[in-house]
Amino acid sequence: EKIDEGDERYKDLKGNKGKPKKKDELKKELELLLKYTDMNHGPIGLSSARAAEILARDGPNALTPPKATPEIIKFLKQMVGGFSILLWVGALFSWVSFGIQLAQGIDSAFDNLYLGVVLALVVILTGIFAYYQEAKSTNIMASFSKMIPQQALVIRDAEKKEISAEQLVVGDIVEIKGGDRIPADIRLIFAQGCKVDNSSLTGESEPQSRSCDFTHENPLETKNIAFYSTTCLEGTATGIVINTGDRTVIGRIASLASGVGNEKTPIAIEIQHFVYMVAGVAISIGILFFIISVSMRYKILDSIIFLIGIIVANVPEGLLATVTVSLSLTAKRMAKKNCLVKNLEAVETLGSTSIICSDKTGTLTQNRMTVAHLWFDNQIFQADTSENQTTQTFDQSSQTWAALSKIVTLCNRAEFRPGQENVPIMKRIVGGDASETALLKFSEVILGDVMDVRSRNKKVAEIPFNSTNKYQLSIHETEDPNDKRFLLVMKGAPERILERCSTIMINGKEEPLDSEKAEAFQTAYMELGGLGERVLGFCHLYLPEDEFPDTYPFDTDSMNFPTSNLCFVGLLSMIDPPRSTVPDAVCKCRSAGIKVIMVTGDHPITAKAIAKSVGIISATSETVEDIAKRLNVPVEHVNRRDATAAVVNGMELKDMTLEQLDEILNNHSEIVFARTSPQQKLIIVEGCQRQNAVVAVTGDGVNDSPALKKADIGIAMGIAGSDAAKNAADMVLLDDNFASIVTGVEEGRLIFDNLKKTIAYTLTKNIAELCPFLIYIIASIPLPIGTITILFIDLGTDIIPSVALAYEKAESDIMNRKPRNKKKDRLVNQQLAVYSYLQIGIIQSIGAFLTYFTVYAEQGFLPNTLLGVRVNWENNYINDFEDSYGQEWTKYQRTYLQWSGYTAFFVSITIEQVADLIIRKTRRNSIFQQGLFRNKVIWVGIFSQIAIALILCYGLGSVTALNFTPLRVQYWFVAVPYAILIWVYDEFRKLLIRRYPGSWWDKNMYY
Amino acid sequence: MATFNEKKTCSQRMEDFSRFMWNPETKQFMGRTLIKWGMLWIILYYIAFYVVITGLFALSLYSLMRTINPYTPDYQDQLKSPGVTLRPDVYVDEDLDIYYNINDTHSWGRLVTALHTFLSAYNTTAQHKNINCSSETYFFQKSFLGPNKTKFSCKFTADMLENCSGLTDPNFGFPEGKPCFIIKMNRVSTNPICWKKHDFPLEVQYYPVNGTFNLHYFPYYGKKAQPTYTNPLVAVKFLNIPRNTEVNIVCRVVGTGIISDNIHDPFVGKVEFRLKIKENRKEP
């Protein structure tokens, strides 16, 4: 199927599809217009009453804002997302068992009530936290979407009126002038020198002229339609409104954008995968032990309480909040580097990006014409095109250059706006079109004060540029008081200029323009044109003093001066040059395994030239056309696979099937798409996504917004970007600099690695929290750790350390490896889970159990006497429970000892988590390679962890509800050998991984 | 089926075998790919890992046990003050609640049985290993002079409880509405300083007389040193319990160093219980 026809969604945008109907409508409106037009006095427009009717029918002329999810829904989503469901189930079970126990009259029933309340609080608090985080990042964007209320000059009731653009209706006659934003889609009925900037719509950076003539079937191409939200650069025009609001072309693009569903971000998929995994483990262990405990003849109620314990132990309650904090820390860091992240999860997406589809204008280029090359004295000179140029370094000694620079300076109508003396030249605002601006700045940089030069060479006559002549001419007095001659300077289309010349200046001397020199000119012209540059020719003529005396009345209408047999001086070529940081950034993307594809509305030649200069097409690679040219064979004979690069025109793309597009995307590593329409951009992005790539799209125009939305991560330009683009994007580059994306990629990859570490750190202790329950059920020992105590680890001691891992530096050059494969390189892979759960977690557990047994033994219960005591131990009626020494314990004395056990277990886990935190700093390198003290935040984490444990143990020891007791000091050190073991063992693991890459050890132990 | 019936030559068999050992096409070794061998390694590794970890834990527990004093525990943080229990003990909602009807033999019969069972550890046969003590002071024993390197324990026989021994009155006074209760102080291996008396607001008869624990039962040297040790008991006989009324009774152990006001633990230093004796009114 053909791309353009295949997808129903795009149908609406295709002008010719909806055309027949539109034509009829147009006709109707025209009739309407004629009715209201007085042929003698010009249009009288709609009557206010009729306008009001149509307004009532069509609605205001404004884009419907995208449907926002109600805040309450967003909030509720946070309440049920992630682990929340599991915790709600836990809370529910707690309340059920509270109800049952209360009915049975058991005093300790309230413990379950409190537990349920605590669990619910945990869910609600983390939910509020996540909601707040999301709201905060959305608020940043709210400032962007503010639209300035627009006015339109409309003719109604035969009167010109200034009304709000929102009030415009179909059939209204509006007048526009240079500088206005077009208030609706209008068909022009009168135009004078009208030029519009369609760049936000089509991506073309060149101003487009507009007239009343119908020139093309495609409404986007025809000259007599001006589009809503584009700008009129110069001239005036009058037109009839043909579409308003969402029915305008821009409105349809916007609705196309909002029709594109928000895909899940890669990190969201990863987190979901992780949540499912942990929930799966929790539920299966929970159910398994429920069955075991029921078959061990525990009461159903007890089994339910065990189930709650298992769920609480398994669910890392604080983790999702930690992930959010880590992401927002990275987002903050990126904002400092000019990447503003709208959607927190997008922070990581950039890291997993494998294809960047970049817009050209404004992103890769500076979005301003700049002189790039000069040709004089039969030689091409290169000019500095960097953003902050202050000097030009090419050879300026030749007399020809002196002459050329004079023409460039004088034959130019552009002027700096006043009051910008302290602004760098390249940043000054200029009145004039893009080429003249470029020339003005160019000469200002080289010659200094251009205005002064112009005043010294007073202008006496001038013919401005027009499209018939294709040249611009002015006549000046010379600054040399002894030289009474006039200087005629001319610039224009090179071939037209050359036609008018009979001589050419070489090294300051006029020489006759023979065919050899004309050949040299052609070669240079072709070469510069081939670079995608806009070339201008310059020539001059000193008018003989005798023929043209001081007082000669120059008349531009009668042309009483020579415009032929001039002296050709040189060529200047201009281009919108790439930003100086881009080539390096593209190179970095390359080495990071990211494919950079240029997708632009601009012409193929320009696009290819820019692609070459920034390295999107590398110096050595060729397109099919290049190969054909080199081998001198027709394009069809070239094997498409030989070409690494491809330049695809929008027209070609239109006739391609999806398979052909896939083939192009697959077979060529360097691709440029030129002359693409918004829906084609969308198709390209979808094509990339079909290759399983994570696609980043950069863009600034409205035309980019559907693609921005469709992309895994849309990146809008902060300065040049339109509101539509910013709204559709996930990230905004505040400095419009492509190089910032590289920073983003780096940060994204780092946070992915660090999140892995955070999760590994957090998951480990789950085993140490889970084992007590399992052993408690199976071996009937007194419960080693309470549910509340577990929550104190998960939401207390562990939070700051796990956030601290987000500050960890990269272990190796993360920009030298390939982007992760989103199917294979999971955030939480099997190795991570197995290593954390079954190795480090187990070591932690036995360390904590040792402390537990030590506490009990030293108080009188030796390990062997603890086995199987659960029923009597928990019996409230036994107040003379005998220990290993024959001592007898009341219930409360036992319970207090049990709390000491909780505290001991808690303290041991905390101590071992310190070791766990240290080993998680790296996954492959030794800690000593990484540096133990480089990440200061880790130490903040360690101290906070210990401080919280100390406070809980000694500060809150008297609060029995929390089940903490002041622990003897020596019990803090029981687990230390195990903490050291964890460290040593992990160093050993990493050593083998580094020593034997690719071995079964590496495959199974590296996470 | 054709291949199945074909006879293989010896060299073919050898080749098949070597192919089984190492198949160069599928890179299978003994029918397994190397990745599968990797799996096997990892299983073996885990077995080894858990063996080592278990060994380590066993070693830790062993060294813990080595540091533990077998005679007395290192700390008695919770046992500074002994718990006190009552026999017979009938709990209702975590409170001791003794309720019986004089006219209903069954209702007090089980209480009496409970007492008999409890006192069976104090009959002369059960106590024959213990020595008779007569000293009125603490029975300190520095060395292990008892059989099997133990320390002596003092005899406490049920008959010391006289009227509440169950020997003279097998019904412990329950049918008369003057029931006996036995107060037992938890064994703790501390030295209780001095035992005076049981404070009691009602008309009460204590056995042994004055309701004191003789000091020669203390200190308790622990299970290992005194395997046959039995707690000394005090029996109280309530003589004037009003009928059909619930009476709240507190039995407090009084002695220096014994606290009985722990708000969390109602069983330290004292035992509280409710007593209600029901008697059907005789119809006039």
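Positions of Cβ are set from backbone N, Cα and C atoms, glycine also.
TrEMBL has this to say about the protein:
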COMPBIAS  A:1-15  compositional bias 'Basic and acidic residues'
DOMAIN    A:24-99  domain 'Cation-transporting P-type ATPase N-terminal'
REGION    A:1-23  region 'Disordered'
TRANSMEM  A:80-101  transmembrane segment
TRANSMEM  A:113-132  transmembrane segment
TRANSMEM  A:274-298  transmembrane segment
TRANSMEM  A:304-327  transmembrane segment
TRANSMEM  A:759-779  transmembrane segment
TRANSMEM  A:785-807  transmembrane segment
TRANSMEM  A:832-855  transmembrane segment
TRANSMEM  A:899-918  transmembrane segment
TRANSMEM  A:938-957  transmembrane segment
TRANSMEM  A:969-985  transmembrane segment
Request  = Determine which residues of the chain contact the transmembrane segment (A:938-957) at the Cβ level, with the cut-off under 8 Å and only residues 6 or more beyond its ends counted.
outcome  = 792, 796-798, 800-805, 807-808, 903, 906-907, 910, 913-914, 917-918, 921, 964-967
Ask   = Given the model, what does the mean pLDDT over the domain 'Cation-transporting P-type ATPase N-terminal' (A:24-99) come out as?
value = 76
Contact call for the transmembrane segment (A:113-132) and the transmembrane segment (A:785-807): at least 3 Cβ pairs under 8 Å, seq gap 6+ = yes
Stretch in A:274-298, A:759-779, A:832-855, A:899-918, A:969-985 most in contact with the transmembrane segment (A:80-101), if contact is a CB pair under 8 A = A:274-298
Ask   = Out of A:274-298, A:759-779, A:785-807, A:832-855, which stretch has the largest tally of CB pairs under 8 angstroms to the transmembrane segment (A:969-985)?
value = A:832-855
